[in-house]
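If you look up TrEMBL, you'll see A:6-27, A:34-51, A:98-117, A:145-162, A:224-249, A:256-279, A:308-328, A:386-406, A:413-437, A:505-527, A:547-569, A:581-603 (among others) marked as transmembrane segment.
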Amino acid sequence: MDFVFAQFLTGLAGAASLFLVASGLSIIFGVTRVVNFAHGAFAMLGAYVAYTLTARFSGPFGFWGGILGASVLVALFGAVIEMALLRRLYRAPELFQLLATFGLTLVFEDLVVLVWGPDDLLGPRAPGLAGAVELFGQAVPSYDLLLIALGPIAFGLLWLLFHRTRFGVLVRAATQDREMVAALGVDGRWLFTAVFTLGVFMAAFGGAVQLPRDAVNHTIDLRLIVDVFVVVVIGGLGSVGGAFVASVLVSELDAFGILVLPGVSLVLVFVVMALVLVVRPFGLFGRAEAPSRAVPEPGRKPPAPLSAPARLAVAALVAATATVPLWAGDYLVTVGSEILIVAIFAASLQFIMSAGAMVSFGHAAYFGLGAYGAALAVKLLGLPMLPALACGMLLALAGAALFGWFCVRLSGVYFAMLTLAFAQIAWSVAFGWTGVTGGDNGLLGLWPDGWAASPRAFFWLCLAAAAASVALIRALVFSPFGLGLRAVRDSALRAEALGLGRAPVQWAAFALAGTVAGLAGGLFVFLKGSVFPDSLGIGTSVDGLVMVLLGGIGTVSGGVVGAVVYKALSVWLISQTDHSKLALGLVILALVLLFPAGLGGLASRLAPRRRRAAAPAVHPAVGVGGAP
Amino acid sequence: MTALLAAEGLNGWYGRAQVLFGMGVTVGPGEVVALLGRNGAGKSTTFKAIAGLLDRREGRVAFAGEDVSRLPTPALVRRGLAYVPEDRRIFADLTVEENLSVGRQPARAGSAAWTPERLFALFPNLAEMRRRRGGAMSGGEQQMLSIARSLMGNPRLVLLDEPSEGLAPKIVEDLALAILELKREGLGILLSEQNLHFARLISDRAVVIDRGHARLSATMAEIADDAEACAAYLAV
Amino acid sequence: MTGRPAMDLLAVEGLAKSYGGVGAVRGVSFALAPGEVLALIGPNGAGKSTCFNMLNGQIRPDAGRIRLAGTDVTGMAPRRMAGLGVARSFQIAATFGSMTVRENVQAACLVHAGGMARPFGRADRRFRPEAERWLDHVGLLAQADRPAAELAYGDVKRLELAMALSGAPRLLLMDEPTAGMAPKERHGLMRATVDHARRNGIGLMFTEHDMDIVFTHADRVLVLSRGRLIAAGRPEAVREDPDVRATYLGGGLTFAAAPGRTEAVS
């Protein structure tokens, strides 16, 4: 019992840091609508800078001054980032800022390795709080008690800030309608910078106060961002109180899960999140959000099937690609196969993202299920490659149908987070079920059948699969089913009133996209000869998102272009530099700034413009920002 | 007398589509001017162009004699321009008092500043619901709050976009009284309307807009009696 | 227009809905015959939208009963109601903005015909003549190839109407069908819709703030105030009702069909 109490306190202490970081994310999202993927990286930076400052200045003043100083420094850095980068992107399509902040994360990860080295760093103990306090016969670290107090204090201060100051009222107003706030004479740019700076301060502070408890390294940003996403989603986006409750819940689940079921403690948090979202689709304290920017940008042409000349051009392109193995070396051909495989993956994700407005943060789950399905079919059933690929697709279909059934009940960011949760569950299973999946060691020795064993033959197989997948998806988009999918995306209300339910249509599309992703995963296994849990990891999911956003979310198959550019670029950068993340991050940032509508958007902008109707009558609500 | 607002040669775009073609309008202190036109004629766009809320705009806007064509919206608001959008855009999660406080700007020399108390006297309905959430109010109450909120900026000119749209006839009459009260205070008012009866009750002059062009500018009575113009441009 | 048909198309009894203890709609009962045109009016916040949303299943009533041609449809989901012949338009018009105007109606036709699940074939080749016929009916044919998001507001309302009519509904619910239109357009659209409804025996119910539309086109008028029906009957009777004038119509300065209209330009 006493031990349970001590563990409970450990959980509460962990909650403080989580709450600080999560509240920052929630505040930033609330006002700027930016899902700040770099938030974990800012927390990590806070910890690193605090490490340096507390090492230089000792004593209580040095320690606390170091923690606060680090938070302020990182917050100022955040302000610079906001003004230099994000400010240019607020008008870009939704989620584009996600791409930019993902690029930032890559840059930060490599930068901290350059500055602080790749090893774990242990921070100093807090002066005067290094010991422990005896509570119910258990030693509880004094620093933990301080953190336990810090959480509610921070919460109280934030509450006062938002409800008792004009700044807070402005922030809450901007959370609902930032354009109207500007129309009332408040300089929105200043407000955004202030909010972003505050949010980054909370992140850095949350990272820095963990210094005496946990070692710092350059990978904590990803772990943190996933935890924080979970907290914010359970609590309800934009709700600071919700973030507080959820951070306690998640932290306690962590603390006790490890004791009760060490193997599945990773899964536990995600299962709870999935349960919460199924019961309360907008988190514990969140409220239904009006779909933002459902109106397409003015002047965008409705998507239409390719014209006859365009079809010919695409066929010529495919034929030209088929000649690659005739003149290129094996290395290039193998890289080409990999690019084709990720193109299939990107195309499947784009199908649900563009035609369905279902932005999945966990599409890797179906890529990975396809991979493991194919691998296990070979290992356990001894099947040849093609039937094994079919098995992989079946497993991916089953997984997508099961997870999708829950996911399509939600929308927007909540949908994204639930897909992420399911992907993390799938990852945990692959990681933890060592008897079957080999765990971290993966499954090895999975090579194609003889007829496809040469790089050249495998390339052609991948090309055929990619061409068929993309053609199939395009045909689907323009079929009656695809029209229905776009209909429920544009207006679920109208579709329901006509007699078309949203959930069944989206579910079918989700399952289909998962199956195609499974094909990509299966091919990937035979390309590499192995499969690892990484294939279901968040990194793979984010790669997919980057490719689609890069290709242009407003296009039907721009993701294919995005995949080719992104994959080729990352393969080339890895071969050229040790700091490939830094380089890739900078390239992503440059692309985002130069082509804020994606590469596909660029293409459609260069295409000859349709002559416009003579009467320039425009729906007034389509204007700047549109009606809420 | 210098006009409070003098806009001329306004061209405005939504995306790639040009919506305004050399639009112009002037409003003096204590004057109510109605911008009449069908839907899609460019009324809302004219307002947004004046208030600096369009992405792409050309032309000249002078406010109290000063060229403000290049100023961003917040700077215009500080000089005394208020914009009340068509869809009211109340902050649903904020209380009535908090909604008002978002609109607050420093007092203007030479005129009494608007306070919540003065506004509650002008719109008695709002006084009974100071702590009510904006989202829990009816359409008519939201319209009153939207106007009250913009008055907190102590404007000299108010742009009212379709204020009577979707309101019960009785509420529209209350609104007319409030607007006439503001006129007596010396405020300039530019409103867009489709309800000719309502416009007639309160307006001194009217400008008829059609397909982004100003077609007619005359006293309200002249335009209302011009059956030909009404049929051609207002589809009455 | 004398003597109501024996069989009501829509029969509503004791409909009620409250939010957080506040009664938005409190015991509303009425009936609608095929081919009849019924207007629902009342001050903002009187419960008109809530009432409407219960009629097509958007909101589940707390109490009361809704019968469509004798079948109890209380609490049924909107998509099932649609299958039974209930079509509606929304106060804030809802169309498929990323599609062309024609595709919007084609989508409606596909849903009505049950063909939306087909994963093959080109959707833009299905129901093309039908879609264009309906667009012609509402005067939108010339804009068939434009993206729906670019339409002027009044035209979006027309498009909604075309989508609703394409399913050959038995009951048509229209929430502020002419909001955002010029006076002549309003009357034109209403006249065409009312004619169509009478010819095809469609029950038409609409809410509207334009009293000229209400008093010109409705066969009967229901007045809602604070969730209750305070008056119901023929337009002339409702217009002169002192209660209705006090709570809703006011002095009649802002519309033409006003009771005892006085010229009052200050």
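Cβ atoms are placed via backbone N, Cα and C, with glycine included.
Predicted, not measured: the structure shown is a model, and the values here were computed from it.
Touching of the transmembrane segment (A:34-51) and the transmembrane segment (A:505-527) is ruled out by the presence of fewer than three CB pairs under 8 A, sequence neighbours closer than 6 excluded. The recorded stretches the transmembrane segment (A:6-27) and the transmembrane segment (A:145-162) share 3+ CB pairs below 8 A when only pairs 6 or more apart in sequence are counted, and are therefore in contact. Two recorded stretches are said to be in contact when at least 3 C-beta pairs lie under 8 angstroms, sequence spacing 6 or more; the transmembrane segment (A:505-527) and the transmembrane segment (A:386-406) meet this definition. Count of Cβ pairs under 8 Å against the transmembrane segment (A:413-437): among A:98-117, A:145-162, A:224-249, A:308-328, A:386-406, the largest is for A:224-249. For the transmembrane segment (A:386-406), the residues of the chain that approach it from at least six positions outside its boundaries are 274, 277-278, 362, 365-367, 369-378, 418-419, 422, 426, 449, 506-507, 510-515, 517-519, 521-523, 525-526, judged by C-beta separation under 8 angstroms. Sequence-distant neighbours of the transmembrane segment (A:98-117) (same chain, 6+ residues past either end, Cβ-Cβ under 8 Å): 34-42, 44-45, 48, 51-52, 81, 85-86, 89, 216, 218-219, 221-222, 225, 542, 545-546, 549-550, 579-582, 584-589, 592.
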